[in-house]
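Peer 1: Dumping what Swiss-Prot says about this protein:
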BINDING   Cys146, Cys149, Cys199, Cys202  Zn(2+) 1 binding site
BINDING   Cys163, Cys166, Cys185, Cys188  Zn(2+) 2 binding site
DOMAIN    4-68  domain 'J'
REPEAT    146-153  repeat 'CXXCXGXG motif'
REPEAT    163-170  repeat 'CXXCXGXG motif'
REPEAT    185-192  repeat 'CXXCXGXG motif'
REPEAT    199-206  repeat 'CXXCXGXG motif'
ZN_FING   133-211  zinc finger
Amino acid sequence: MSQDYYQVLGVSKTASQADIKKAYLKLAKQYHPDTTNAHDAEKKFKEINAAYDVLKDEQKRAAYDRFGHDAFQNQQARGGGNNSGFHHDINDIFGDFFSDFMGSGRRKQTSSKIRGSDLKYDLTIKLEEAFHGIEKNISFSSEVKCDACHGTGSEKGETVTTCDSCGGVGVTRIQQGFFTLEQTCHKCQGNGQIIKNPCKKCHGMGRYHKQRNLSINIPAGVENGTRIRHSGEGEAGIRGGNNGDLYVDIAIKPHDIYKIDGANLHCKLPISFVHAALGGEIEVPVIEGGKVKLTIPAGTQNGDQLRLRSKGMSKIRSTIRGDMLTHIHVEVPKNLSKRQRELLEEFKKESINEKENDSSFFNKMKSMWS
């Protein structure tokens, strides 16, 4: 006849989950085959795990309390159960076991530690700043770690205790027949911990609101719409939880001269009709400052595009630059001096192909309507 599971663990039928777990860890440590040479250690260890397998689960425990071992006989006959204690959650069982036995290992974090929220900051910079890179100081308000209690939420020198009602998980379970209902622990309000003497500065939250100043490094070649992540610079976590992150979204202010196209820059370059006809050199401003000479070919037409290689935007983590593309806009003077008009009239008379061009133009127009 199988031994009563409560007797195996040495607990009463009204024992809490925390008491059941505590008893299990103590016995598992005592009878684990690797820690004792007792001849019946393996048998005892299997019995302990079988008992804990049922009693740690509220639904299985309710069925056991009502029907005893018969509640699991059919399941075992179908091959659906295994009371050896080695068939599931090995890491969870031995994680807690070796944590207590060896003084190390993983532990589940209580719900009192909550990660801080991420923050978003919109930063507008000039085109020249995007080209060269710059360090910007920004100011914003957020939750910061309390310097009085170091984020614990408890008054200095006071200890924070695990809630004995929920065992530190922040929720309690209510058994109703075969159903288990979970609800927020009324004693710790879901925090999993009890702060008997809350910090006066942060009122037990482990953080408080403050205006912050932060230096942001903008790399050279940053593009419009780039998002820069600053890990751990978001809001402080609650009661020692990890900080959130800060995301800085970059917007580049429209420039009076240049328009951005990836790493290339476009600009409108006005020239006189004399320069367009005769050609020559003209100085144009560049993004890094100063001016460079641009060669205008003779006969340049309005709307032509001339390229200055490697005079565009810098690229992040690269020595390669984009190009600068100048869009020619030929300006025709609206007011002419007497001498300028005479010269243009003379040029008009001496135009060799003027008549042919006119004849060609009118012939084409005539053919369109014939």
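From the backbone N, Cα and C atoms, a Cβ is placed for every residue, glycine too.
Given the structure is predicted, the values throughout are model-derived calculations rather than measurements.
For the listed features, I'd like the structural context: burial, neighbours, distances.
Peer 2: Residues within less than 8 Å, Cβ to Cβ, of Cys202 (Zn(2+) 1 binding site) and separated from it by at least 6 positions along the same chain comprise Cys146, Ala148, Cys149, Gly153, Tyr208.
Of all Cβ atoms in the shown protein chains, 25 besides its own fall within 10 Å of the Cβ of Cys188 (Zn(2+) 2 binding site). Mapped onto three states, the DSSP output places Cys188 (Zn(2+) 2 binding site) in coil.
Counting same-chain residues at least six beyond the ends of the repeat 'CXXCXGXG motif' (146-153), those with a Cβ under 8 angstroms from any Cβ of the stretch are 160, 195, 198-202, 204-208, 236-240.
For the repeat 'CXXCXGXG motif' (163-170), the model's pLDDT averages out at 85.
For the repeat 'CXXCXGXG motif' (199-206), the DSSP counts in helix, strand and coil order read 0 helix, 0 strand, 8 coil.
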Peer 1: Hey, for the Zn(2+) 1 site built from Cys146, Cys149, Cys199, Cys202, who else sits with CB inside 8 A of the CB center?
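Peer 2: Residues close to the Zn(2+) 1 site, other than Cys146, Cys149, Cys199, Cys202: Asp147, Ala148, His150, Gly151, Thr152, Gly153, Ser154, Glu155, Pro198, Lys200, Lys201, His203, Gly204, Met205, Gly206, Arg207, Tyr208.
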